[in-house]
Each structure stands twice: as structure tokens, then as C-alpha cells.
Amino acid sequence: MDDLRVSYVIPHFTLATVFVNNPGNLSDVARQKRLNSFVAEMESLPGAWGNKSSNYFLRDFVAYEKGMSEFEPEEGEWVKRDANTLNFKDLPAFLEWPEYEFWKGFLRFDENSTKLERFFFTTAYHGDDLRQWINRDKLLKSWRRVVDNYAPEFNTSVYYDDGIYLDLIENMPTDTWQSAVATICCMATVCFIFMWDLPTVLITTGVIASIMTGILGTLSWTGTELDPIVMAALIISIGFSVDIPAHVSYHYYSAGSHIPPPITTRTRLHYCLSSVGFPALQASLSTSLCVLALLLVSIYMSQVFVKTMILCMILCVTHGLLLIPCLVSLADPLLDKLRGPKKA
């Protein structure tokens, strides 16, 4: 459903809802003109449909007042009223007319009075580029710039359905890399505390960083854009990317206390893979099957989460059961040579 909204609704009718929380005395011609200029400025922004798309009660009320500027009382004499001055005492009567009754939903009055407390108006925008989050964010910022100019006078604010997500867009890259770096640092610290072996810790940390980079790169390569839902899925997958590499590295490091001598790289790997290889495959398979159930609901959020988690599981198994053994097989002989012959 969201795909249909983005494809067909947003490019043709993106609605801004503007709240005027302090209208004040709109009978004042100067204040009324200032409010009208605010509405006109919102209607003249790039991509705006203009006043034909706006729901602004004051225009209908002005027309109503002009029509009521002359009336015939019971005595039969005509009384002339100033058509340029709005009498807001007529507002309740205006709202009782069938063609204007719908404006009741746009206005709020003070309790037990006819004084206008606040109201809102709407206006619409269009553009094929609004299918992209970044362009909707630019449009929202242009609304806010106009609204902020009039906020001291009218206490104005603007609401947009996707605003809560658009506010996150600027922070998403920073939040994502900070989460990744924090995870790597915490994992490196934990590995170092329990293993106390710098080469193993460096290999494990590098593998986790590689998995994170692989997830980001593959998602970008498949055309997935970084939005709030993708960011949440990425942060969750970062936590999953730690498990298999950490278990493989720890079992390789601790193999010396579980196998008889001679202890070589080959025997360490044999013990490590025989201990955690099959459980790692089971864990990745069971996790993948669990997240695949989300595809039973055809929504964007579930599709992104499934794609990210399946990709994470594939990279975790590949790195944990293939890359780490290859790296330690290459690194251990070199480290043994650097350390020199062991003393008897």
C-alpha cells in the first residue's frame, strides 16, 4: 500500500496542514492582510498547486460578509455595512449555512464564547521528484522556513504525515556509522578481555567490520535507499553480525586447553569447526526461516528487514566459517616466525 501512496498520491497531492494557534483580532485589516500574505506565500512555493488546492476558511467568510453587507430588516429599510471590515460575531451564523458547515472542523473557539481561538488551513503540492525521501525533506524545510517567519505573530506550525521520518533523514548516516563503530569497539574490548590475544582480536574485529560493510554495500548495490526503516534494520543486523565470528574466534583461541599436543593451526581449526561449524549453520538457517515468515505480510518494512537479515546471515556464515579460518591459517605461521623459536 505504501508503494501505491508513494507512486500515485504523493507526486500529485502532498498535503501541508498549517496550524494558526494565535489568530488574534482578524477584524484588524492589517493583521488580516498579514495572515493572507502568509497563506499566499505557502501557496506560491515551488510545486504548489496554488489557492485552488487550499482550504482556508477566511476566503469563504469574506465572501459571506460581502454578501451580508446589505440586508433588509423587518422595518424594510436597507442598512449598509462596511464590506471591508469583518464582523466575527457573524462567524457562528456563517458556520450554520449548509455550504459552510464543514468549516467547523477547521476552527476552534474559546469555551463558552464565539471568539476564535485557533484554526488550521491546508494546501497541496505536487512533483514527480517527491517520490524520493530527500526531496520531500527539502519541501518540508521550505514550509518550515515560511512558517517560522510568521510564528512570532501567529504562533504557526506545520504538520506533514511523513515529518517524523523526514526529521531523521539528516541524522541517519551519522547514527548508522556511530552504531557500527560503537559495536566494533565494544566487541573488540570484550574479545580482548576474554581472549587476551591481540592477533585474534584484530582478525575478529576486522571480520565484523567486513560484514557490516558488505551489508551496506549490497543493499546499496540492490537499489535500497537509506531511510528510517533501513537504518533500524541495519542496526539490528549489526548486533547479529557479531555472534558467529565471535564464537568461531573464541573456540579457535581456547582450543589449546581442549586438545592434546601437538597443538597446531590445523588441530585448532579442526576443533573449532567441529565444535561450532554445524551449530552456526543451524543458527543462521533457523534465524533466516524465522524472518522469512515476515514476508507473509506484504509491507515495505518486512521486505527490508528480511532482505537485511538474510544478507547478514549469509555474510556471517561466509566470514565465520571460511574467512576467519583462512586468515588464521595465514597469520599464525607468520606470527610464529616473528615470535622466534620457543624455548624448551
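Glycine is treated like the rest: Cβ placed from N, Cα and C.
According to TrEMBL, the feature transmembrane segment maps to 177-196 (among others). If you look at the transmembrane segment (177-196), the same-chain residues 6 or more away from its ends with a CB under 8 A from one of its CBs are 204-205, 208-209, 212, 234-235, 238-239, 242, 246, 249-250, 253.
The feature domain 'Protein export membrane protein SecD/SecF C-terminal' is assigned by TrEMBL to 178-243.
If you look at the transmembrane segment (202-222), the same-chain residues 6 or more away from its ends with a CB under 8 A from one of its CBs are 180, 183-184, 187-188, 191, 230, 234, 237-238, 241-242, 245-246, 249, 307-308, 311-312, 315-316, 319-320, 323-324, 327-328, 331. Feature annotation from TrEMBL assigns transmembrane segment to 202-222 (among others).
Here TrEMBL flags 229-253 (among others) as transmembrane segment. Long-range contacts of the transmembrane segment (229-253) within its own chain (CB-CB distance under 8 A, at least 6 residues past either end) are made by residues 168, 172, 175-176, 179-180, 183, 187, 190-191, 194-195, 197, 200-201, 203-204, 207-208, 211-212, 215-216, 219, 268-269, 271-273, 275-276, 280, 283-284, 287, 300-301, 304-305, 308-309, 311-313, 315-317, 319-321, 324-325, 328.
According to TrEMBL, the transmembrane segment annotation covers 273-297 (among others).
Here TrEMBL flags 309-331 (among others) as transmembrane segment.
According to DSSP, the domain 'Protein export membrane protein SecD/SecF C-terminal' (178-243) comprises 56 helix, 0 strand, 10 coil.
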